Amino acid sequence: MKFFVPAFLFAATAMALPGSGSAAGVAPHSNNEVEDAVNKCGDGAHMSCCNKINKNEGISQNNIGVLSNVLGAIGSEGLGLGQGCTQLDIPISVLGAAGLTDFLKKNCQQNIACCQNSNSQANGNLVGVAAPCVSFGGLL
């Protein structure tokens, strides 16, 4: 009995301690939110600097229907759609953790967004939503 209590306490303590790595198959989360947003932009889009971000434009909490409040539920401020966006050409040399943040601060004083590479049109698709540029605030 004397051996069981310390062994049980040791095992309980070891199980309660946080792990040092990430779970199998799950990538560890980076501390740099800008770098995370760039990774979320993906291959089918590019980073852009937008003059204006319209947050929750045309979306109200009183909408009724199957898809009501879907866009308003994305992020704390909803989905931000960019207007007047120009593509940012990011050199490979700045892709480090601190280099990317500094590059964006120097080259974009407005809003950073993720824009689709193709022209976005809402005509003829099932949902009828065209979101060419989405602010990083809606992605994080």
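Cβ atoms are placed via backbone N, Cα and C, with glycine included.
Summarising the annotation, Swiss-Prot assigns disulfide bond to C41-C114 (among others) and lists similarity to another entry as the type of evidence. When secondary structure is read from DSSP and collapsed to three states, C114 (disulfide bond) falls in the strand class.
The DSSP secondary structure for C108 (disulfide bond) is coil. All protein chains included, C108 (disulfide bond) registers 16 other Cβ atoms within 10 Å of its own Cβ. Summarising the annotation, Swiss-Prot assigns disulfide bond to C49-C108 (among others).
The disulfide bond feature in Swiss-Prot is assigned to C50-C85 (among others); the stated evidence is similarity to another entry. When secondary structure is read from DSSP and collapsed to three states, C85 (disulfide bond) falls in the strand class.
Per Swiss-Prot, disulfide bond is recorded for C115-C133 (among others). Taking a C-beta cut-off of under 8 Å and a sequence gap of six or more, C115 (disulfide bond) has these contacts in its own chain: A45, H46, M47, S48, G82, C85, Q87, P132, C133, V134.
Look at Swiss-Prot and you will find 1-23 tagged as signal peptide.
In sequence order, C50 are the disulfide-bonded residues from C41, C50, C114 with a C-alpha within 10 Å of the C-alpha of C108 (disulfide bond). Each residue contributes its Cα atom, and for C114 (disulfide bond) and C49 (disulfide bond) these two points are 9 Å apart. Take the CB of C49 (disulfide bond) and look out to 10 A: across all protein chains shown you find 19 other CB atoms.
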